[in-house]
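Chemist: Take a look at what Swiss-Prot says about it:
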DOMAIN    227-328  domain 'HTH araC/xylS-type'
DNA_BIND  244-265  DNA-binding region
DNA_BIND  295-318  DNA-binding region
Amino acid sequence: MSEDPDRGNGTKTYLSDDIDEARAIGSDLYYPHEVRVLGDEHIFQMRMTAASFGPVTLGRLDYSTEVEIFTNELRDSYHVNIPMRGELVTGSGRARTVATPHRAAVYRCDQRTLLRGWASPYPTPVLALKIDRRALEDQLAARLGSEIVDPIVFGMDLDLDTVVGRQWLSLVEGLSHQLDSPEALALHPIVSTPMAECLMSGLLVAAEHDYRARLYEPKPALPGIVRLAVDYLEAHAQQPLTVAQVARNVGVSVRSLQVGFQNSLGTTPMRQLKIIRMQKARKDLLRADPASEGVTEIAQRWGFLHVGRFAGEYKQTFGVSPSEDLRTVPFR
């Protein structure tokens, strides 16, 4: 086996021409499984590039010859496979489908799975997403405002030619491109959690499942709940918050929280968080010693990674630049 060194962003690439070794790599990154070579064993090779961000593992998997893969129940995870080229004959429990670049396969956590593919003489990589079961069910619970007791029953076919399907695929493909970057933004600690939640939320909207209809039943939050949410944003502004986290902590669904913010404040929870962070950054700038702290350090402390954009929005909000505020009041 050859293994590329960690690229500095948590991404690793594995290359193996040994069947047992390839099985061990896949089992370690994803799930215990069996691999049966249907094509020419003499040219067998497995290549995998993968990284985890929060509760999501995203990888590109390719074999040099046709194989068949079997797993038992995934138990602690849900899974999605998207062939970037060619076809993947696959099943989850009794359900069967042929996954293509236009149709992803979604796997339940409580069913056995099988895959058969990679017969093409050309590279046919598959985007493989492993999603932590608890994280996805918590995400759904936050949006519904009620606990998820039973496993989510997904339909196996996810149409990637619908509007939401294409948009979700674009998000996944964008993340997959970042696997090759040593400075992948999606794997930055302050970005990875919201990015993973965005991907999970998108899947819940794009895929067919037994809770999907309930996602479109808004129940407006009370102003008191909005107040609690604003207090929570104030107290945790330095953390990489998401709407789902805020909704969960104040006990309402994401949709209810969004409606409540729009009705009460005329904005969204995340825009309100940005305002709070901007105000806290200004407070730090006015109190800072320019000799020991700069605009960049303070901006990044409050989650503004693009300092130039921060400076522009700061001036638009307060009428002065961050550097002007940094020099305004002597260090106290």
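Here the Cβ of each residue, glycine as well, is placed from N, Cα and C on the backbone.
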Chemist: Per DSSP, what is the residue count of the DNA-binding region (244-265) in each of helix, strand and coil?
Modeler: 19 helix, 0 strand, 3 coil
Chemist: Within the domain 'HTH araC/xylS-type' (227-328), count helix residues (DSSP H, G, I), strand residues (E, B) and coil residues, in that order.
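Modeler: Its residues divide into 74 helix, 0 strand, 28 coil.
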